[in-house]
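**Q** Got a structure here, written out as structure tokens. Questions coming.
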Amino acid sequence: MLELIGAVIGRDLRLAMRRQADIVAAMFFFIIVVSLFPLGVGPEADQLRKLAPGVLWVAALLATMLSLPRMFADDHRDGTLEQLALAPQPLGLIVLGKVIAHWLVAGLPLCLLAPVLGIQFDLANDALAVLTLSLLIGTPALSGIGAIGAALTLGVRGGGVLLSLLVLPLYIPVLIFGAGAVDATVSGLGAQAHLSLLGALALGGVFFAPWPTAAALRIALE
Amino acid sequence: MSDRLINWFRYASPQTFYPLTGKLIPWFWAFAAIFAVAGLTIGFLLAPTDAQQGEGYRIIFLHVPASWLSMFIYLVMAFWAATGLAFNTRLSGMMASALAPTGALFAFLSLWTGALWGKPMWGAWWVWDARLTSELILLFLYIGFIALQAAIDDPRRADKAGAILALVGVVNVPIIYFSVKWWNTLHQGASVSLTRAPSMAAMMLWGMVLCALACWMYSIAVALMRVRTIMLERERHTDWVRALLAEKE
Amino acid sequence: MHWNSLSEFLAMGNHGLYVWGSVVVMALLMVAEPMLVLQGRKRLVARLKRQYRAEQPVTRSGSQRTTGMTSTSPTATCRSSD
């Protein structure tokens, strides 16, 4: 089972490495969106510190959205997906592998960039640490939930916009607890509770979402 | 027992369900009208003034039924979606897509009447309260469902994809509600407390229940009307639709 | 009866705008929705009739042999242009 997941991850990572430009573009999207906010709301450090958790988290949601349509589309086009669906291994596990691969490509770089961008917003060190931690815990959930939307909109016209319409409302709990964790740290309340709930969402997102995703993929392949 | 089962499954095919809806729809409209007249009479003519909120509270007779229905319809939609996936019945998917626009309408009405109620009572059209925010998200979920079905050309695939989305949404609605509630309690700074007067006169309750029943009957009537159109459209290549339309000439 | 006069009823204790704003919008939308559904139905029926009439020569000869089965005429599967 682990071998299968590992093989899927390895394959998807190799494919992603051939398309490095996409990864880099999503990262720059993240950086640009975050950097626009101070220009929009003004450079007062107090205000920026208050806005930072929300801005960084919303930008992270949008940046992970960018790479979601790619999750199954290429495999669908060249027929790999049909082969995977016919394989004796459960499709859900293959999807799990693809979710993890998506997170490694689209989620993890955001977590590494976030502290640097947090400095622009004058966040203190502990807040920066919690921000990174909350993104590390929360972004897997985004990949998991996003996979459902990606599978549902596979091969559908207007897929990209539709995908965001379907997925963004489902992202709300992750946004609330993720940004809330940083908020709580800034106001000195401690982020423990938020991070635990975020962890629960991430576990749920990563381990339950592959099954409806697999069902949606089978429907798309019919 | 088995007789009854067979009778019910008989109506699971569009061909037999179509004439049945034709007979039922006038009844649902009649009940909707009766309940609406009764509920609105109690609510707007007979019910006493609320001690705290004055006459403005009468919006409750519209707002609460609309909110209830918007949530209830989502559950019913998810139920049909689940039956459609489990038993692969054609009608289930049609029912789910027939319900979605009505559910979205009630979600919108709930927000609209809520805003008009909130302004005189709390001094704001909109507050980020858990209930309001969840209702807004529910509207988004409805719109997502409708948009997804509209984007897929093959009706069978549209039904199934919509079903999965509706089921994922049903699992998520409580999570969203509690997360928004949690978020709201943390951010409760200047915003007003939204706890309503706990004791409600029996007459007000009756008015509300009757209005809710009226909305319920209305939803069934409209959903059945819409499902009739969907049945005709989807079954247009079958002989019964041809015969039916030929009859009407 | 709770009200003493019509004007009092319409004023709703200075909340008339809000109360009637809710009532009117809700009533309008709940009337408009079934009307739209009916209109959509009418348009569909007209479209289907047009479609059936257009393919009549094909189906009439075919339907004598295959009564009770779904029509499989080639024109039946293509959608009309609207």
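Heads up, residue numbers simply count up from 1 along the chain you see.
Cβ coordinates are placed from backbone N, Cα and C, and glycine is handled just like the others.
Pulled these features from TrEMBL for this protein:
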- A:21-39: transmembrane segment (TRANSMEM)
- A:51-72: transmembrane segment (TRANSMEM)
- A:93-121: transmembrane segment (TRANSMEM)
- A:127-154: transmembrane segment (TRANSMEM)
- A:161-182: transmembrane segment (TRANSMEM)
- A:194-221: transmembrane segment (TRANSMEM)
**Q** So which residues does the transmembrane segment (A:93-121) touch in its own chain, when a touch means Cβ under 8 Å and the partner is 6 or more beyond its ends?
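**A** Contacts of the transmembrane segment (A:93-121) (Cβ under 8 Å, skipping residues fewer than 6 from its ends): 1, 4-9, 12-13, 16, 23, 26-27, 30-31, 34-35, 38, 48-49, 51-52, 55-56, 60, 63-64, 66-68, 71-72, 84, 87, 127-129, 131-132, 135-136, 139-140, 142-144, 146-147, 151, 206-207, 209-210, 213-214, 217.
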**Q** Given the transmembrane segment (A:194-221), which of the listed stretches A:21-39, A:51-72, A:127-154, A:161-182 has the most Cβ pairs that are under 8 Å apart from it?
**A** A:127-154
**Q** When you scan the chain for residues with a C-beta under 8 Å from the transmembrane segment (A:161-182), skipping those not six or more beyond its ends, what do you find?
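**A** Answer is 52-54, 56-58, 60-61, 65, 68-69, 123, 127, 130-131, 133-135, 137-138, 141-142, 145-146, 148-150, 152-153, 191, 194-195, 197-198, 201-202, 205.
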**Q** Do any residues of this chain, six or more beyond the ends of the transmembrane segment (A:21-39), have a C-beta under 8 angstroms from a C-beta of it, and if so which?
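**A** Hits for the transmembrane segment (A:21-39): 48, 51, 55-56, 59-60, 62-64, 66-67, 70, 105-106, 109-110, 113, 117, 120-121.
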